[in-house]
Amino acid sequence: MKEFIISEAQTEKAVLVGLVTPGQNEQKVKEYLDELAFLADTAGVDAVKRFTQKMDYPNSATFVGTGKLQEIKEYVVENEIGLVIFDDELSPKQLRNIEKELQVKILDRTSLILDIFASRAQTAHAKAQVELAQYKYMLPRLTRLWTHLERQRGGVGMRGPGETQLETDRRIILDKISRLKKELVDIDKQKSVQRKNRGKMVRVALVGYTNVGKSTLMNLLSKSEVFAENKLFATLDTTVRKVIIENLPFLLSDTVGFIRKLPTELVESFKSTLDEVREADLLVHIVDISHPTFEEQIEVVNRTLMEIDKVEKPMIMVFNKVDAFTFVPKEEDDLTPRTRENIDLDELKCTWMGKLQDNCIFISAKERTNIEVLKDILYERVKQIHINRFPYNDFLFQQYDEE
Ligand SMILES: Nc1nc2c(ncn2[C@@H]2O[C@H](COP(=O)(O)OP(=O)(O)OP(=O)(O)O)[C@@H](O)[C@H]2O)c(=O)[nH]1
Ligand SMILES: [Mg+2]
């Protein structure tokens, strides 16, 4: 009994598993698994070991090869690990087979992200969206849930459920899915009324990868107190604030961060939250320039934005966290091609400014570097949108009827 209490109090330990597919190198996979470890950490799990395997494509039955699975099994048994996390979404079949073999709790990237979203959801809207995504994920994987239930109750091993129980579970989940969908339609209606009530004020949305500093910047620009922390997905609900720069008011919204391989179930559920993005006049794309894979993060964000809204929006790129930027200068006689790690900040600035001209700025929200310049840029851009919208009115005398 005493032993049980001690192990409960410790953080849950987990093993991470990822594939090295053609076109990826060891470094890429390391970065991907770093992100998975950060996700695990956000969920309160300590990733103690990583397994990778070079494969052209995942094994359809067990994701990794059977030899690798045995290796993982030996480690898990030897070190009394109770959780294995895979870096890709596992098919129901893969999940079943792996669980049968390893006999511990298995999560994949999707279920881990869903778990984090569930623990972070605050409002009825976010809760309903996450719950819907979770049920959709569960539906094809019901057998597995049932065996879990059996185990929790101390049932024997991996016994599958009887047909009737499975059917009942399926029906319950389908009912819940349709109830949640109705609930979300109602919330969406309310939200769209709220958005209409905001009138014609220019709307700016902060977008970007998760943990880049969107909420921190929102707080700086709007003097609000949106929750920000060094964990993934701190923000799940969109916050909208009225911001006034000089005499020009506009609406600024903080949105949910994106991540690579964001589960399609979630993208679908969060489409309504992202209406904010869709209806924005200007997007401010925040990038964490201190992150080793920031360029890939930019691509993920741009791709996700295209999925949400097929129209290309005016965008400013804000490279944040310049204070945390580091690089390793190359030795003079080192002739291997330079990578992101060897390039200094000035050169990166030049490259991006060459690509984006006036549409980018380098700041530190933490140290408040260049924030005034950012404000000037925002002022100019919002003013331009305003003048285009109200060509016959002087924007300074425009009256706003909303808060
Ligand atoms: N070093 C440094 N850290 C920063 C800077 N701006 C924000 N951070 C930190 O980065 C972490 C994430 O900041 P958030 O504002 O929560 O990021 P976010 O983009 O809103 O993240 P999600 O809501 O999780 O998508 C926090 O620990 C911030 O303190 C910066 O300019 N420099
Ligand atoms: Mg945030």
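Heads up, the Cβ atoms here are built off N, Cα and C, so glycines get one too.
All TrEMBL annotations are machine predictions without curation.
Taken from TrEMBL as is:
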- 208-215, 233-237, 254-257, 320-323, 364-366: GTP binding site (BINDING)
- Ser215, Thr235: Mg(2+) binding site (BINDING)
- 202-386: domain 'Hflx-type G' (DOMAIN)
Output: those binding-site residues from Ser215, Ala234, Asp237 whose CB lies less than 6 Å from an atom of ligand 2, in sequence order; none if no residue fits. Ser215, Ala234
By a 10 Å Cβ neighbour count, the lowest-scoring of the binding-site residues Asn211, Ser364 is Ser364
Could you give the Cα-Cα distance between Ser215 (Mg(2+) binding site) and Asp237 (GTP binding site), in whole Å? 11
At a 10 Å cut-off from the C-beta of Ser215 (Mg(2+) binding site), count the other C-beta atoms across all protein chains. 24
Spatial neighbours, same chain, of Gly208 (GTP binding site) - Cβ under 8 Å, 6+ residues apart: Lys214, Gly257, Phe258, His285, Ile286, Val287, Asp288, Gln297, Val301
Cα separation, Val256 (GTP binding site) to Thr235 (Mg(2+) binding site) (Å, whole number): 5
For the binding-site residues listed here, Lys214, Ala234, Val256, Lys321, which shows the highest count of neighbouring CB atoms within 10 A? Lys214
Reported mean pLDDT - the domain 'Hflx-type G' (202-386): 87
